[in-house]
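According to Swiss-Prot, the protein carries these features:
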{"type": "BINDING", "residues": "9-16, 22-23, Arg61, 88-91, Lys99, 115-116, 181-182", "note": "substrate binding site"}
{"type": "ACT_SITE", "residues": "His10", "note": "active site, tele-phosphohistidine intermediate"}
{"type": "ACT_SITE", "residues": "Glu88", "note": "active site, proton donor/acceptor"}
{"type": "SITE", "residues": "His180", "note": "site 'Transition state stabilizer'"}
Amino acid sequence: MTYKLVLLRHGQSAWNKTNQFTGWVDVPLTEQGEAEAKRGGELLKEKNVLPDIVFTSLLRRAINTANIALDAADRLWIPVQRDWRLNERHYGALQGKNKTEIREEYGDEKFMLWRRSYATPPPEIDPNDQYAQNNDPRYAGDPVPEAECLANVVERVKPYFESAIEPELKAGKTVLIAAHGNSLRAIVKMLDNLSEEEIAKVNIPTAIPLLYELDENFKPIKPRGEYLDPEAAAAGAAAVAAQGQK
């Protein structure tokens, strides 16, 4: 028995375009991002990787990416489950800040520590900051972080994956997760059992489906999965890696 899981990062967002740390700030897709999401859905249809259920975050860039991709794949009718635990990593006080300016102000070492360290979060956000989520009604009753490292994201994604997503896979469904660079990196780390050093080098491109076929123990048959458009994925991952450079 093998299981099919598809990971899809949202298309380009407004703050991807302006090179800002986004985190939990609910920014929209750009026109390019919408086009990327449509192409992602077309790839699902072309490769006959048709999801039966989709999981997404509570942020519109992921929700809209899922909707656009599903529409393009003629799967807009399938069930959707949304949960904050699939949200992007919370970037704390960096949310809204320009990545290049942060790199210039604090230096390469600190910038990369905050951006790619597994266990070191950025500075915490002030609860009164315009980009804080303390009073956002969608998180009523849920813990709102003030900053997260990737380890924190794994801590929230892992139990959700095991309790909500694994049962759908075990039922034989093809599952699509439309989420964010870091919540998807958390899943990649879990599936491939990557070290902290290995996951630091993983960059997820926007809106290119990443297919994992899993064995009965939920281990990847092909390590790191397979992008449905490998050439575009390689170029997209390189662009993500270059964010914040001059």
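Note: Cβ is positioned from N, Cα and C throughout, glycine not excepted.
Put simply, the residue listed as 'active site, tele-phosphohistidine intermediate' is 14 Å from Arg89 (substrate binding site) when counted between their Cα atoms. DSSP classifies Arg9 (substrate binding site) as strand under the three-state reduction. Counting neighbouring Cβ atoms within 10 Å of each of the binding-site residues (Gly23, Gly181), the lowest count belongs to Gly181. For Glu88 (active site, proton donor/acceptor), the same-chain residues lying six or more positions away in sequence with a CB closer than 8 A to its CB are Thr22, Gly23, Trp24, Ser57, Leu59, Ala179, His180, Gly181, Asn182, Ser183. Summarising the environment of His10 (active site, tele-phosphohistidine intermediate), the number of other Cβ atoms within 10 Å of its Cβ, over all protein chains shown, is 32. The Cβ of Gln12 (substrate binding site) has Leu29, Thr30, Gln32, Gly33, Glu36, Thr206, Ala207 as same-chain neighbours under 8 Å, each 6 or more residues away in sequence. Sequence-distant neighbours of Trp15 (substrate binding site): residues of the same chain at least 6 apart with a C-beta under 8 Å from its C-beta are Phe21, Thr22, Val25, Val27, Gly96.
Looking at Arg9, Arg89, Lys99, His180, the recorded positions in this record, the fewest other C-beta atoms within 10 angstroms of the C-beta turn up around Lys99.
Cα to Cα, Lys99 (substrate binding site) and the residue listed as 'active site, tele-phosphohistidine intermediate' are separated by 19 Å. In the three-state DSSP scheme, the residue listed as 'active site, proton donor/acceptor' is classed as coil.
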